[in-house]
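Peer 1: There's a structure below that I have some questions on.
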Amino acid sequence: MRYHKVVRRSYDKDQDTFRHYFLVLPCLVLALLINERFTFKEVMWTFSLYLEAVAILPQLVLLQRTRNIDNLTGQYVFLLGAYRGLYILNWIYRYFTEPHFVHWITWISGLVQTLLYADFFYYYFQSWKNNQKLHLPA
């Protein structure tokens, strides 16, 4: 995105200061410690689940810092969270209809990811209900 001719004009390097290694390293350590089997493939899969759960944090922090959320960005973040919410409904359905459908790591990381969206959802629905531009508190 930083290199696309049109998109890079809206990139603000001063606001984009999130330290990504504060997400990557803890997710890797957690994947090494908490996994279903200690194999390379399983640890990397678990790492990807943990990282996916927190990957929205840099975007949410940037949106909160800039407080300038255009419609496209707001709808995109909302749909990302709604997608995860639908996954949770799928897991609930499958838990009750399929025998032995228990995936604790997937469920907990998905729940964490959905909870990270909760604050954004609240302000998204408030702005929609009041027909106002979306603003996040600083």
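A Cβ is built for glycine as well, from the same backbone N, Cα and C atoms used for every other residue.
No curator has checked TrEMBL annotations; they are predicted automatically.
Quantities reported herein were computed from a predicted structural model and do not represent experimental measurements.
TrEMBL feature annotations, pasted as is:
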{"type": "TRANSMEM", "residues": "21-38", "note": "transmembrane segment"}
{"type": "TRANSMEM", "residues": "44-63", "note": "transmembrane segment"}
{"type": "TRANSMEM", "residues": "75-93", "note": "transmembrane segment"}
{"type": "TRANSMEM", "residues": "105-125", "note": "transmembrane segment"}
Peer 1: Quickly jot the same-chain residues contacting the transmembrane segment (21-38) by Cβ under 8 Å, restricted to those at least six beyond its ends, or write none.
Peer 2: 44, 46-47, 50-51, 54-55, 57-58, 105
Peer 1: Report, as numbers and ranges, every residue of the chain located at least six residues beyond the transmembrane segment (44-63) whose Cβ falls under 8 Å of a Cβ in that stretch; write 'none' if there are none.
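Peer 2: The answer is 15-16, 18, 20, 23-24, 27-28, 30-31, 34-36, 69, 73, 77, 80-81, 105-106, 109-110, 112-113, 116-117, 119-120, 136.
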